[in-house]
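Feature list (source: TrEMBL):
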type	residues	note
TRANSMEM	40-61	transmembrane segment
DOMAIN	55-304	domain 'G-protein coupled receptors family 1 profile'
TRANSMEM	73-92	transmembrane segment
TRANSMEM	112-134	transmembrane segment
TRANSMEM	154-172	transmembrane segment
TRANSMEM	211-230	transmembrane segment
TRANSMEM	251-274	transmembrane segment
TRANSMEM	286-306	transmembrane segment
Amino acid sequence: MIFSPQLFLEIHQEHEPRNQTTVSGFLLLGLTDDPALQPLLFSLFLSMYLVTILGNLLIILAVSSDPHLHTPMYFFLSNLSLADICISTTTVPQMLVNIQRQSKTISYAGCLSQVCFVVVFVGLENFLLAAMAYDRYVAICHPLRYTAIMNLRLCVLMTLSSLCISTVDALLHTLMVLRLSFCTDLEIPHFFCELAQMIKLSCSDTFIDNILIYIAAVIFGGVPLSGIIFSYTHIASSVLRMPSSGGKYKAFSTCGSHLSVVSLFYGTAFGVYISSEVTVSPRKTAVASVMYSVVPQMLNPFIYSLRNRDMKEALRKLISRTSSFLLCFI
């Protein structure tokens, strides 16, 4: 058999490793391969997504419509609700579409975009929780200077700075992924494109990427968490020095909702990290990841509405006004 130069070139191109310029998409393996469970998963995640969107929208509308809630704490809370909506919208709809059309594919650009937006909004939520802890610290430890310190300008500056830092972090990770080459195994054992899982698929040297993930986790995760611990250490110290038990209860009650959200956010994140280290099953890690990418965003509105008297009153007024408005058209 005679090999022509053209045939040799075609064979060489077929065996050449596929890189980011030729990869058309990835396969999101999801939580299970069992076809019988797909309708159940679709119904479950659709319900959780709708509850997440409705609950967080109610929080945003209640805060914006009630003048009594135009305070720094509720300003950060409304931004936290917006971040929760964005996180869920980045991950869940793609999963629902894949289940509905019985397809596991996601384009390379779509996967990269998902990675970027997840890092942005998870990072933003991380910084917002730290900002809310600082707000409670100033309110309890420096009550006379609260209005002077926590002014609108500082609140907006803290929120925009959090968004900018998270965006820079996400773009840095995305640019690092863009330089990677991907070979034949393009299956992501997850229901959305996660940064660590995407890096594992690369056939390039990922040492720098992995180091960058750890550095970013320490800086952009450890610093806000340290700020939260610092704030609540001083809050606890100040509250314990209060003479009246009523004052202690009131001070702790203002922090209860935030502490619950912080515990849920970091508890599920650490739980996923530990499960990924001790288990060899990627599917189990994917199931555990639901606990930090879907569940906290759904439960946060309930935590703040059920544990906060002002929020319950604002929601009651909002629902009452909405019902009266709708009755006018009936």
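Cβ coordinates are placed from backbone N, Cα and C, and glycine is handled just like the others.
Same-chain residues lying 6+ beyond the ends of the transmembrane segment (251-274) with a Cβ under 8 Å from its Cβ atoms: 80, 125-126, 129, 132-133, 136, 139-140, 225, 228, 232, 235, 238-239, 242, 285, 288-289, 291-292, 295-296, 299-300, 303-304, 307-308. The highest tally of CB pairs under 8 A with the transmembrane segment (211-230), across 40-61, 73-92, 112-134, 154-172, 286-306, is held by 112-134. The stretch with the most CB contacts under 8 Å to the transmembrane segment (286-306), chosen from 73-92, 112-134, 154-172, is 73-92. Looking just at the domain 'G-protein coupled receptors family 1 profile' (55-304), the mean pLDDT is 88.
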